[in-house]
Amino acid sequence: MTGAPPYNPQSPTQQSRYPVYSPPAKSRPYYANNEQYQQHPPQTPPAFSSRSPHFSHAPSPLPGTLPPLNGAAPPSSHPSEPPSQYQAHSSAGNPQFALPRPYPGSVLSGNGASPYGHSTPSHAHPAGRPDSHPQTSPKKESESQFPMSTHGVMGYPSSVVREPRASSPPKDVKPTRAADPMSFASILSGPTEERAPPPRQSSAEATPTPLAPAATAQTSLSPPPVASAATSQKSKDRAPALTASLPRLEKKPTTEKRRRNPPETEQKTADSRTSNVANGVSEPSKTLAQPRGAGSRPVMSERETEALNKALADMAEADKSDVEAPGYDRFREEYRAKGKKRAFATEQAEILRRKRRRNDFLVKLSKSLEKQATAGMDRFRYANEASVVAEVQAKEIQDEKERKKDMQRKRRRENTVRMEMQKKKEAEAKAHEAQDSAEKAKFLREAERAQRKIKTTKRALEGITAPEEISEVTPLAPNLEGGTTSSFHIGRGSPSRRKSGRGGPVTRPKKSKEQKQAEKDAAEAAYAAMENDEPLPIAPKEDPRKESLKKEVKGGRSKEPTPTPLSAYETKGYNQIYEQIWRDIARKDIPKVYRIKALSLSTRQENLRKTAQLASKQSRKWQERTNKSMKDTQARAKRTMREMMSFWKRNEREERDLRRLAEKQEIESAKKAEAEREANRQRRKLNFLISQTELYSHFIGRKIKGAEGDAAGDTAVEATGETVQPGKGQDHTIDMPSSVADAGTKVTNFEDLDFDAEDETALRQAAMANAQNAVQEAQDRARAFNSGQNQMDALDEGELNFQNPTSLGDIEISQPNMLTAKLKEYQLKGLNWLVNLYEQGINGILADEMGLGKTIQSISVMAYLAEVHNIWGPFLVIAPASTLHNWQQEITKFVPDIKVLPYWGSAKDRKILRKFWDRKHITYTKESEFHVLVTSYQLVVLDAQYFQKVKWQYMILDEAQAIKSSQSSRWKNLLGFHCRNRLLLTGTPIQNNMQELWALLHFIMPTLFDSHDEFSEWFSKDIESHAQSNTKLNEDQLRRLHMILKPFMLRRVKKHVQQELGDKVEKDIFCDLTYRQRAYYTNLRNRVSIMDLIEKAAVGDEADSTTLMNLVMQFRKVCNHPDLFERAETKSPFSTAYFAETASFVREGNNVDVRYSTRNLIEYPMPRLLCGAGGRVDVAGAENPHAGFRGRYLNHLMNIFTPENMKQSIQDDGAFSFLRFVDTSLGEAYEQSHLGIFERAVRRRGQVNRLSRLNVAYDDDKELAGSALPHTLFNIVDRNDKHAVNEVAAEGIMRDLMTVSQSTYEREGLNIIEPCVSPAASAPPISVVSSSHIPSIETRDTLFNVSVRHALYSTPSRQVDEQIIEKKVDPTPYSLAPMLPKPISAKGRYTHIEVPSMRRFVTDSGKLAKLDELLRELKAGGHRVLLYFQMTRMIDLMEEYLTYRNYKYCRLDGSTKLEDRRDTVADFQQRPEIFVFLLSTRAGGLGINLTAADTVIFYDSDWNPTIDSQAMDRAHRLGQTRQVTVYRLITRGTIEERIRKRALQKEEVQRVVITGGAAGGVDFNTRNRESRTKDIAMWLADDEQAELIEQKEKEALDRGEVFGAGKGGKKAAQKRKKDITLDDMYHEGEGNFDDASAKPSGAATPVSTAENVGTPSSTPAPKRGRGRGSGKGTSKRAKTTKERLRLIDGDGGLGPS
């Protein structure tokens, strides 16, 4: 099908600013030269309403004035006229194409430029029309307001669309080509040379190809050309086919087009279309042909012209109906049908695309709305989630509370039902048993009342709150209560088979087949309605609900509504929800409404009942009026009855109070009597124990006459020397027999004695019998031990005869010959006492004061046994680890014949050592492998199973205070050893309290000194209370105590037995807190509430006690040094610089070359020119000739210090004439004028002042004045200098007088330069960066000037000194002192690095400042010092101080290894240059001899005064020839003062017990406390707080309360007091010098390794093959009481009691 393509609404040369969009065909090629014609989407109104930018005039509305569509120019009036503006472009330019034009020519001006990029053929023949055109959307055609063109139908030319022609015009009217240039004849009048049309393209590949122009337009005056016959015939043959191939297309305008084109516009369009038709022939719209050039067309001849004219005339005269081809109407209808089909298909496709676009838009819109909804939900959740959660939680909590209340209420009601049931049964049983009818009726009424209560309670349990009488009304029973409304009944249905409760399973009713089918049909109908987007017909549920409710009411039970098929949307879930709603209503709402109605009904009935009662009262009022007198009588009787009742009640109350008071007094008197009886019983029990012990002591004392001889030198013996006289103090004494009683006396156990009897005769007899039995047991035990030894056969049996104690008095023991040393007199007496004890089988305590030779006395006993009795062992010596070497050395030294086996080391070593003695039947002789085994307490406990297998002849415990706790495993293990005798060596038998002495006595005599609480309390309570309260001690009790101790303990003090030993002077030095210490102390005190501490201390909680001890430790730290809390650190400003990174030091050699590479962050780049000589203004040279002006003229010609000028001035007696009197030449003056201040000072430093020596030669002022040289006349300062005189006076008073200014200058610290401020940041000088090497050289010379640095603070090194000697150079210039004084810190030097000042370190502590002054004096006096500390951290600080003062020292604490301790002590003893020995009080106070020192300083005191005594006795002992001075540093007004007072109280206890003296000389008016923790808490308070606490305590005592004590506080405190003491907690982790640990602690001396190895139990562990192993020990910070007890095993009872 052929036809013209649809026209475009715009001409290409009439392009608007915003061209109309028309999508190009997909197959159309792209042409680069058509870029200006490319179309884009429209953004403005249609382009036909815009004016073309290519024309300067409006388009003409006349169709005749339009230019030809083929692009040719309109007819010209003259051939010489230039081409018109409508002239088509040449073929070489833009090609010409056919224009689609849907708009009429009256609106758009035509132009031949085509928007397509196809070239046009160069011939003039019209080309064939394309079969098709690229399809565009039908909607694009609606953009035009004129759907029909005036030149054709649907945009096609009228020449190709056949219209019904009009009637034929008259024949005389013949149109010519001039008249009708667009006629068919005019078209056929073309050139003679025509080319065949190009082959037709397929519809898929066809492109719009325009027709070539037929001929050049001619004017109407020129004759038409004549065509040939052939040409005419050819045109005739082709015309029908052309017209026949064109269909007719008619299309009605759409609604949108009608809206755009009004009817009048359509009418105008139709008229315009009709006017273009003439003579029944449709006028062609335009000829789309491209004319060739004018010269290419041939000129017809005259003959050809005539023939053409003739043919044209024939054609004009002929009938034109013959041009219509047959079948044209059919083709037109087919074409229109196809057009309609295509339009419909396009419209459907557009609808589908529009639907897809709508769906896509709706999807995007839904996603956007979904996002908005999600965001809104998140915002709402974020804003309200917390409140909702809180609300839900609150609701749950409230529901839980209500549930608990309901459960409690239910339980109470169930209990009520159960009790009422019991009452009912009891009442029914009593009624059944009652004989009297009235009594039976009474019981029945009680049963009925109980039944009613049970019923009411059960109804309450079931949740029924309505009154009983309402619920009992049934439809069948009449309502007898009355009322204004009738009653109705809602009955209950039969109980359902399902379980009760909301959570039980619910059985749905079965449905019929019809119901199921109806539900299925309804579901299918609903699904189909949903698919068709139709509304669902949902039927309401009201009617079924009403019907079901009616059925429920009628039926009397609740039925579940069944789903009905009325709803089109009835599903299973819907029905379930619907039924669940109704079930909830039936379960919850209906009972609630019922209860409300029932309650309202009961309220109404109650009101009606009250109304009836009032009415009845009103009706009976007339009767009361007549009985008024009776009513008054009744009122008087009631009043009388009330008065009588009140009287009797008051009387009964008074009697009850009196009865209670009498009972209370009786109970109190009974308690008092019982207390008195118990006191008497305890007194008798105590008296029995003391009497028994006194008898034993008496028996032993009469045998041991040697102890009596010690009375001259032993104050304890003097105190206990008098015997007990009969008849004096009969309440506390018994008669001493002259001999031992009958051996057959019955022995009574302590538990079987009757202490309630008033007669004490039986108790005295029992005490005597028990004492005799104890003596006999000791004798039998010694005999039994000796019976197994062959060496004991030679003993005299009579000496062991306890029936004849007088024979012991004749024994006189001399010093053994085996002993190489010479015993002193008191030591020989001690040996005599020890031997007597051994021969009697009695254990003892040698308690000589420290330093009197307890060790040598013990060794002499072993030598005596070996020499006299041939007993060579085995002997067991147990001592602290620090004294093991001392024991081994002294035994080997004094008794070489006795072999010593040192038992210590690792487990493997000890296993090898046990081979020497681990035999059951070994015989010890002089040739045995060993005689004495020396070991430590820790190893004894570890290897207790092996020690228990051996029968030891003698066991000596050195420093026996290690077993002062009878509850420790160490005490129990040692007590279980098989040994004949035990000897305890201790210099301080009483350290903290009398309980420790009692533990020692209990150890040596377990059967006699049994662990009775009464005896131990008497031992400690009375004496300690005497020391605290300064009261008078019972002399009789003290005397009895001394008698008890006399046979078992021997103690001598130094001042009585050793006259040659120097005195010991103790001085307390009080120090004040510094500002920093006071701030720390106040801050600690403000943060602690003393009242809370005291209240907690009264309770006695272990955690509170630990907290209290921690506080005490913090306060003591403040007193010692504040740096124990926080050390001063090295500070430096922030350095803003680049630091060079060094290479790996591993790859370097021994010396690493570290150059100065620090650079500033700021660098100034400088050109090479400025750095060189040419860029300097003041440097003259070839590059800078003008720079020498300043040097030439200003520095030389104009300088007054030139030699020429000065010489002229001197000659003329000018300004420089003074140079001749100051010893200065012209050259020197010139040189000085050109030097700076620093250079002049450096040069003057090396000059020798010769003029000052004249003061030495001429000491007279007159001679000195006459000795002035003329050339030094003006050198007044140099001549008066006394430096040479000072050098002559090397020492003495003269030198001091001559150097007063210098000494003052140094003493005041004026020679010390300190920075005033420390910068926050520092940086090196800004460096200059240049390609020249001159800046680096100048920087190096400026920063590192050797001469300047040497002059300021440099000292000659060793290499310089060697070079001076080798080269023999004058050393004066190199040995001058630096110009700058010594910096404060040698490490920090003159930098901004602040190193902590040692002066500040010393002055920050008041103690350290006092110690600094004291050490200076002692150093000057030639003394040597033992410095004791409680904290090892303080020892660390003291090491820094001693290093700062250059004092030589050595250190020994718990971290020192055992093998190093011996060497350290030896160094101090042998090297006098060691000035100070730093020791820990607990570790360095035992077993070492430090007599080289004569001064002892306690930096901080110990809780236990005996610990300090042991420490100071390291120097004050045998071998000390000088006076020992003890200094104790105490901080005034702090806790240390109170600790010292408490230590003095403990010392008084020891003095009273041991010496027996009265309490005098010391003020003991201190606070008496039951709780030691409470006493320590008082130490933390100051005087004002202590006074306030005392006042509150006094008020509490007046009220009969215990101040600060809670419930069970006293019992808890007593219970914990037995477990651990406060002093143990304070010294937790410390050892007693016997540590073998090498790990230093942080706060105090640590626990020894041996103790930490294991935790031995009280019973010996069984043997485990190769040994027990070493295991891990407990930490020094163990928390439990059991671990602490194991940690301090044997150290219990060190608390500040």
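Cβ from N, Cα, C; glycine included.
As recorded in Swiss-Prot, the features of this protein are as follows:
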REGION    1-324  region 'Disordered'
COMPBIAS  33-53  compositional bias 'Polar residues'
COMPBIAS  85-94  compositional bias 'Polar residues'
COMPBIAS  108-122  compositional bias 'Polar residues'
COMPBIAS  202-221  compositional bias 'Low complexity'
COMPBIAS  248-271  compositional bias 'Basic and acidic residues'
COMPBIAS  272-288  compositional bias 'Polar residues'
COILED    383-466  coiled coil
REGION    398-569  region 'Disordered'
COMPBIAS  414-451  compositional bias 'Basic and acidic residues'
COMPBIAS  540-560  compositional bias 'Basic and acidic residues'
DOMAIN    581-706  domain 'DBINO'
REGION    615-637  region 'Disordered'
COMPBIAS  621-635  compositional bias 'Basic and acidic residues'
COILED    623-694  coiled coil
DOMAIN    835-1007  domain 'Helicase ATP-binding'
BINDING   D848, E849, M850, G851, L852, G853, K854, T855  ATP binding site
MOTIF     958-961  motif 'DEAQ box'
DOMAIN    1410-1570  domain 'Helicase C-terminal'
REGION    1626-1697  region 'Disordered'
COMPBIAS  1646-1658  compositional bias 'Polar residues'
COMPBIAS  1663-1679  compositional bias 'Basic residues'
COMPBIAS  1680-1689  compositional bias 'Basic and acidic residues'
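Each residue in G987, R1517, L1518 lies on the same chain as D848, E849, M850, G851, L852, G853, K854, T855 and has a C-beta within 8 Å of the C-beta centroid of that ATP site, without being one of the site residues. Highest Cβ count within 10 Å among the binding-site residues D848, L852: L852.
Around the Cβ of M850 (ATP binding site), the same chain contributes G987, T988, S1509, Q1510, D1513, R1517, each under 8 angstroms and 6 or more positions distant in sequence.
Packing around G851 (ATP binding site) is summarised by its Cβ count: 20 other Cβ atoms lie within 10 angstroms of its Cβ, all protein chains included. In terms of DSSP secondary structure, the motif 'DEAQ box' (958-961) contains 2 helix, 1 strand, 1 coil. Long-range Cβ proximity for T855 (ATP binding site), meaning a same-chain Cβ under 8 A and a gap of 6 or more residues, is found for N886, W887, E890, D958, L985.
E849 (ATP binding site) falls outside any helix or strand according to DSSP and counts as coil. DSSP assignment over the compositional bias 'Basic and acidic residues' (414-451) gives 35 helix, 0 strand, 3 coil. K854 (ATP binding site) carries a helical DSSP state (H, G or I).
A sphere of 10 angstroms centred on the C-beta of E849 (ATP binding site) encloses 21 other C-beta atoms. Around G853 (ATP binding site), taking its Cβ as the centre, 21 other Cβ atoms fall within 10 Å, counting all chains. Note on K854 (ATP binding site): other Cβ atoms within 10 Å of its Cβ, all shown chains, come to 22.
The predicted model assigns the motif 'DEAQ box' (958-961) a mean pLDDT of 83.
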